[in-house]
């Protein structure tokens, strides 16, 4: 008998979770994997392509090539290229022969506009980082710590029950007190449950998260519309007619009225705009999915922690509308599942409960531990 008691003591002491070796604060992920991927692509892609455009500009030199008259000297031809690049205005004629002008300045500022796009795409991340991440960090630290502590409390409760049962002269009386304590919920630790219930009535995190995704959708759509505008109005015109008869050259008779020019970088800008536009269009459903996943509860994590006596949000049907801070916290708990040491233990206990023949006797991890500790011989059926 003493050998079985010693084995049960070792089994229960081994079931306790060890204290975390380091600080959990540094290992917490305050961004979902999909959000991190979106930030990397939406911000990194335009920066990468702009850097390629600038590198080509510095390596290729002039971004414009004008066909100056044959009697122009080298300096005059260089002046024509510079003047036409500075003005970047196309001079043409409509169907009725009237002179018209069309500014192509959007091509000159196109690389810088992509820098603005990258900054705009980074703003939703800054909003989340400074408006929501500090509060979420505190919530996750507390909840993860309490979940692991609740598991350890359950194991220590079974250890105490074994000692009381061994010292009890009337085993049946002990089990009567045990059943009464279960009915009056004395085995529960309501701090965590009440904290999570309170989070169901808070909406600051979910508001900021939805606002973040809405801003990202807005910026993605605005960028796509901007690129469509460039393609419809400018990105089909790589050649234009330039006029340099201005200022002191206006009265010069040997200078032609219009000089044909060609944009050297035109195909590069077309490729950049198509790449960014195509990727951003594909990312719009991903952003919409991130926002819509808050419309349903992540009950997988909650169902596992139903094994804890202090956690019965599902059985008491406390889950209401999913658009609240608790649902956001559950999403980030799922992303930080590696920090939840108790999750693997409870998941294994839950799988064993489903596999055992008398699973109706196992409601919580306390029941499972009492069976493992050898108290099932005198324990009454629920």
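The backbone N, Cα and C atoms fix where each Cβ goes, glycine too.
Ranges compared are 155-181, 182-208, 263-289, and TrEMBL records transmembrane segment for 263-289.
Between the listed ranges 214-236, 237-259, 306-328, TrEMBL ties the annotation transmembrane segment to 214-236. Of all ranges given (89-108, 109-128, 129-148, 329-348), TrEMBL attaches the label transmembrane segment to 109-128.
Within its own chain, residue 71 (N-linked glycosylation site) has 254 as residues 6 or more apart in sequence whose C-beta sits under 8 angstroms from its own.
Nonlocal intrachain contacts for the transmembrane segment (263-289), taken as residues 6+ away from its ends with a CB within less than 8 angstroms of a stretch CB, comprise 34, 38, 41-42, 45-46, 49-50, 52-53, 56-57, 60, 62-65, 104, 107, 110, 114, 117, 213, 216-217, 220-221, 223-224, 227-228, 230-231, 235, 238-240.
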